[in-house]
Amino acid sequence: MTQTLTLLGLESSCDDTAAAVVRQTTGAKAEILSSIVFGQTELHSAYGGVVPEIAARAHAEKLDSCVRDALAEAGLTLGDLDAIAVTAGPGLIGGVMSGVMCAKGISAATGLPLIGVNHLAGHALTPRLTDDITYPYLMLLVSGGHCQYLIARGPETFSRLGGTIDDAPGEAFDKTARLLGLPQPGGPSVQAEAEHGDPERFRFPRPLLDRPDCNLSFSGLKTALMRMRDQIIAEKGGLTRQDRADLCAGFQAAIVDTLVEKTRRALRLYLEDKPQHPTLAVAGGVAANTEIRNGLMALCFELETDFLAPPLALCTDNAAMIAYAGLERYKTGARDGMSLSARPRWPLDKTSPALIGSGKKGAKA
């Protein structure tokens, strides 16, 4: 029996307010009818990081207009929807609550079913939205607030192989940019500087490569960079443009080498299951880094595994991924209703021990 489902998704777990409409017909690839994102970079730039209270107020102010714009772009009304999906965690609790309250209001007014979505599941299921790949696949979520290796086995079934025990790589990129006086967000700024630098001039540590597991650590890289910067300033009285470029190149090379080696270990564990179509998918803002993508692509070629990276707009936080993850849950019969609550922490793999630490852009899960 052919069925067409249309869902509205809401996302407000950090510093992006987003709404989107996704539609899927049985047997066909899902289609993004609209995707609206309001960023908050300017609101937080003076503070060196996301301020939860400011973020929550901005979400509350923008969610209604986000929903209106998403419906208008899709050419639909609330009456054309089958359900509403909303990020219910993990994330900054004030922002998550704003989204959940907005979704509950729409559900109460329209009678639409309400479906809570794990923000990380939204990222993890994005490859199925963009490329309709089959389970199981290996997911590397690498962003400002998270870094995890997950085997996606179903819309709500994930096995975590490892993750960061302290800071996320995106947080390390942002801190590096601040230490070197580069613009935020740090990822693009550091990458741009690194293109003109020598990655061999400054040798950064490759954290935890002496361990056989898939866990990562990035806090030590920030400390190493700060010490190198301070030493240069003490010796020369300041940093030249070339000093900055070389520091960025060395730092980025350490991130790439660490991720490639840890991903090699995660892929070997994943491939033990002998998946029919072996695939490594990456998502999160840091996945936009060209050197990281190139390193992972070369690794996948070596291990005869497909490599998939969604478009940048779907790597960073967005509501299309939430709508699609909600659509997958909807098809399993999941409904949450008014009992849905916001959750600051929400691990995808409940059987794995908790990861240590909390990133600048939200709690680790």
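Using N, Cα and C of the backbone, Cβ positions are placed for all residues, glycine too.
Positions annotated as Fe cation binding site by Swiss-Prot, on the basis of sequence analysis: His119, His123, Asp317. What Swiss-Prot records for Leu141, Val142, Ser143, Gly144, Gly145, Asp174, Gly187, Asn289 is substrate binding site, and it gives sequence analysis as the kind of evidence. Per Swiss-Prot, region 'Disordered' is recorded for 341-365.
Where Swiss-Prot records a feature, it is marked here on the structure.
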{"residue": "His119", "record": "Fe cation binding site", "Cβ neighbours (10 Å)": "30"}
{"residue": "His123", "record": "Fe cation binding site", "Cβ neighbours (10 Å)": "31"}
{"residue": "Leu141", "record": "substrate binding site", "Cβ neighbours (10 Å)": "25"}
{"residue": "Val142", "record": "substrate binding site", "Cβ neighbours (10 Å)": "30"}
{"residue": "Ser143", "record": "substrate binding site", "Cβ neighbours (10 Å)": "26"}
{"residue": "Gly145", "record": "substrate binding site", "Cβ neighbours (10 Å)": "29"}
{"residue": "Asp174", "record": "substrate binding site", "Cβ neighbours (10 Å)": "25"}
{"residue": "Gly187", "record": "substrate binding site", "Cβ neighbours (10 Å)": "24"}
{"residue": "Asn289", "record": "substrate binding site", "Cβ neighbours (10 Å)": "24"}
{"residue": "Asp317", "record": "Fe cation binding site", "Cβ neighbours (10 Å)": "28"}
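In this record, substrate is bound by Leu141, Val142, Ser143, Gly144, Gly145, Asp174, Gly187, Asn289; the longest C-alpha to C-alpha distance in that set is 17 Å.
Rounded to the nearest whole angstrom, the C-alpha distance between His119 (Fe cation binding site) and Asn289 (substrate binding site) is 21. Mapped onto three states, the DSSP output places His119 (Fe cation binding site) in helix. In this structure the C-alpha atoms belonging to Asp317 (Fe cation binding site) and Gly144 (substrate binding site) are separated by 10 Å. The local packing around Gly144 (substrate binding site), expressed as other Cβ atoms within 10 Å of its Cβ over all shown chains, amounts to 29. Cβ atoms within 8 Å of the centroid of the Cβ atoms of His119, His123, Asp317 (the Fe cation site) belong to the same-chain residues Glu11, Ser13, Thr87, Leu120, Gly122, Ser143, Gly284, Asn318, Met321, Ile322, site residues excluded. Taken residue by residue with DSSP, Asp317 (Fe cation binding site) is part of neither helix nor strand, so it is coil. Geometry remark: Gly144 (substrate binding site) versus His123 (Fe cation binding site), CA distance 13 Å.
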